[in-house]
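Record features (TrEMBL):
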DOMAIN    9-230  domain 'CWH43-like N-terminal'
TRANSMEM  9-28  transmembrane segment
TRANSMEM  53-73  transmembrane segment
TRANSMEM  93-112  transmembrane segment
TRANSMEM  118-138  transmembrane segment
TRANSMEM  159-180  transmembrane segment
TRANSMEM  200-225  transmembrane segment
Amino acid sequence: MHYERLDFFLYILAALVPCGFITTYLIALSNGHVRAFLPYISDTGTEPPESCIFAQFLAFGALIQLIISYIRYHHLKLVINSTQSTHLSKHNILGFIFGVISSVGVTIVGSFQETNVVAIHFLGAGLAYGGLFFYNLIQTFLSKKLSTVLRSNKKLYFLRFKLLCLSFTLGLLFSIFSAISRSKFHGKNKIKWGPDDGGYAEHIVSTASEWLLTFGQLGLLLTFASDFRRIKIAYPTVYDPHLDNIQSSTGYQTI
């Protein structure tokens, strides 16, 4: 038995993330936990009950992201072995490692709210965004090197390259202006950051960059959908040699 249309994992992730964030944003806004204009993504999932929903969405998203990384790793492993491009094996392994790192980072972001354990929350965000950036970077590199087999044309490669550059720039803006705005903040509640709290302009640049970075990274992932569409996964087979001994000694047959 084979499973097809594995590109649906990418579509589910791309739909889950905005749906999850919009849901928690609307709940947080209705409860008066955030301001309406461009809060940080994490701010929409800081206070209960939205924090519970936020954590569940991210946990599910991390699982799907891990599945995507696993499928991609084995697909490229097959391509690399078939084309005798064994020098690319280490890049494939490294890409899978970054995929795992990013998935772990996503779960950390959902489990450790900024208002509770800020250092761990920021660590998770760094792993999530940084891991996904390097994962996409390696996948873009491998798709270029294996373009003949993967049927990746130049237009698709340049689109990925542009999205990588955009993600890198947005990541810098997000980090730099976040630090600047926090150094200027003199209000009482950073989740409800207002124009009178200091560093508000820098804060908006940072939050806007975070939202754009998130959707830019998802868009980059979606460019690999065609690769996932053409492959299949066989149903896993479970084998227990101990059962052979039981059958031979008792004559019992499983159905």
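The chain as shown is numbered from 1 upward.
Including glycine, each Cβ sits where the backbone N, Cα and C put it.
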*Please figure out which one of 53-73, 118-138, 159-180, 200-225 racks up the most CB pairs under 8 Å against the transmembrane segment (9-28).*
53-73
*Selected stretch (most C-beta pairs under 8 A with the transmembrane segment (159-180)) from 53-73, 118-138, 200-225*: 200-225
